[in-house]
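**Q** This is the structure I want to talk about, given as structure tokens.
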Amino acid sequence: MVGTANNGRMRHAFSVVNGEQEGGLNSAPPSNAGSEYGGFEFTREDVYALLCERMKYKNKFNYKERCENMMDYIKRLRLCIKWFQELEGSYLFEQEKLQNALDFAESRCAEMDLIVKNKEEELNLIIVELRKSLASLQEKLSKEESEKLAAMDSLAREKEARLTVEKSQASLSEELGKIQGELQNANQRITSVSDMYKLLQEYNSSLQLYNSKLQTDLDTAHENVKRGEKEKAAIVENLSTLGGQYMSLQDQFNSCKASVNEAAKQKDALVKEVASVRAELQQERCVSQSNQLKTLQDQLDAAQNKLRVSDLSAFEAKTEFEAQKKLICELQNRLEDAELKIVEGETLRKKLHNTILELKGNIRVFCRVRPLLPEDSPGADGKDVSYPTTTEALGRGIDLTQNGQKYSFTFDKVFMPDSTQEDVFVEISQLVQSALDGYKVCIFAYGQTGSGKTYTMMGRPGNPEQKGLIPRSLEQIFQTRQSLQSQGWKYEMQVSMLEIYNETIRDLLSTKDSSRIEYGSNGKQYTIKHDANGNTHVSDLTVVDVCSSREVSFLLDQASHSRSVGKTQMNEQSSRSHFVFTLRISGVNENTEQQVQGVLNLIDLAGSERLSKSGSTGDRLRETQAINKSLSSLSDVIFSLAKKEDHVPFRNSKLTYLLQPCLGGDSKTLMFVNISPDHSSLGESLCSLRFASRVNACEIGIPRRHANMRSFDSRLSLG
């Protein structure tokens, strides 16, 4: 018993050892030591002293005194033994109790291990199926992206071919103009050759007349020769008849003979001359005529050849022009098909991306970088923010450089400073359409003061090209509502607008000033309530039935004038409250009797800011503190959702409590993170991008379509 003591002291009683925590249990054995012996407890020194105690007697022969002392000593020994027995019994009872608890815990642990294994196997099967579906979807997405790249490459090649064809068409048009000019010159030459041919024909006819005249002269010369021969014969006859006169007429005869000889000579000369003239005439006629005709024929053949060549080249040019024109038409058709395929591919990509996000249940995040403004810090060149051009990060990545260190982020979409309001709205148009299909949709803008949140959501009044997402969404919804009437759909729409200012809800559509405080003199109390279906209601809030986008625009103007704004060093017109626009849609199809219930929430959050930069004092200071506190609560909610904690602090602020169905329910949620490229705002921009990355990684409930055959509750729900 002495050996059981620790550190030189006896062990305490069972109730003392356990800090009086187990001593009050009904299952513990009762202690008689406390009731019989006054609750003594023994230490090691007490027991050792008791064992080593020596009896002292005044008179050693006084047996009565010795007996009384011995009885007292025995009594104390019994008390010590009884105390040790009770302590041992309590220890045994506690050991048995702990053994039972250990056995029960081990059995429970075995059961929990079995349940965990079963759950783990089920989750592994679900994960395998989800991974397979994700792999197939990623394969389809990569296939679509490769097809998109191939289509873009073919489009670029077709554009280059189109430019080449246009250049060749222009050169062919110039050549055709030149050929047409040459053809006109050839036609003029042909006309001149025809005129020359006519002149040659006339000259030929004149030569023929001259030849006939020469032939007549030759015939006259022949007749003269014949007459001379006749005269010779008459002379010879006269000579023979006048033989008698021969002597007398000898002189005459000699003279006649000389004349005859001279006539013969003249005849021969005349014959020779006629022959030479005739030969010359024939030669001249043949040579000159043949040469001229040959020259003219050659010129005519050359002109005809040129004409044929020009006709052939013109025909070839025309044929090539028709072929090029046909090719251009074909390329234009292919270009249109390629553009259509690109649009269809982009639509399919968005649809697949939305499907993946719906399967994951993630919150979609778009990033928008505003342009540099004249009032930004001097020397700001926007080079602190860059955009990667790789295939995977094109249009989705953004890099921010601070103090020489580069931070890379990837979101669902990144809009560069040159993006227009129309470019931004095209990306969310299908999401807005979901509200008409019976989904809860929430779009909210987040970012520091002066980063362009209100411009993104509301736009610039009076400039149709710079309308924000809220007016464009309403125009699309009412246009689609009009087009669906032919299919039997009829829609009723209700609008409400509120702001959260200094943790106070204000009704922006109320006409009474007293309603602009949380507890007005009219007894209204704006409280947030969630029902069993996941809908959010704000009590006593003004709800207006609307039939056109013009009515909603009027209400937006009224709300914008009622909203709390203020001037700070960071923004001339800084929003000092969170603005919540809610459009509730109730649709009925008269043909199928189907009802859908959709909610569209468009939220412009107040901007986060640092007091050192904003220079806020007084009311602005209290507003800044309330804004930063609510945004900090939003961060806490996002972090809790990202870590999948059991408790999510939605009730820490009215903003997060109002957004609870959007952040943790079955809503389609999209966040715009707006950042400034100003160098002095890099710290806030980096914080905003990090927060947006956490938001993008959060998994919420899978969006669910709200369609039924029952009547629709008339109260407005935030969704």
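Placement of Cβ uses the backbone N, Cα and C atoms for every residue, glycine included.
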**Q** If you look at how TrEMBL annotates this chain, which of 260-313, 422-475, 530-583, 638-691 comes out as coiled coil?
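**A** TrEMBL lists coiled coil for residues 260-313.
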**Q** CB neighbours of THR454 (ATP binding site) within 10 A?
**A** 25
**Q** Do you know which of the binding-site residues GLN448, THR449, SER451 has the most other C-beta atoms within 10 angstroms of its C-beta?
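**A** When each Cβ's neighbours within 10 Å are tallied, SER451 leads.
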**Q** Below 8 Å Cβ to Cβ and six or more residues apart, same chain only. Which residues does that give for GLY452 (ATP binding site)?
**A** ARG368, ARG370, ASN674, SER676
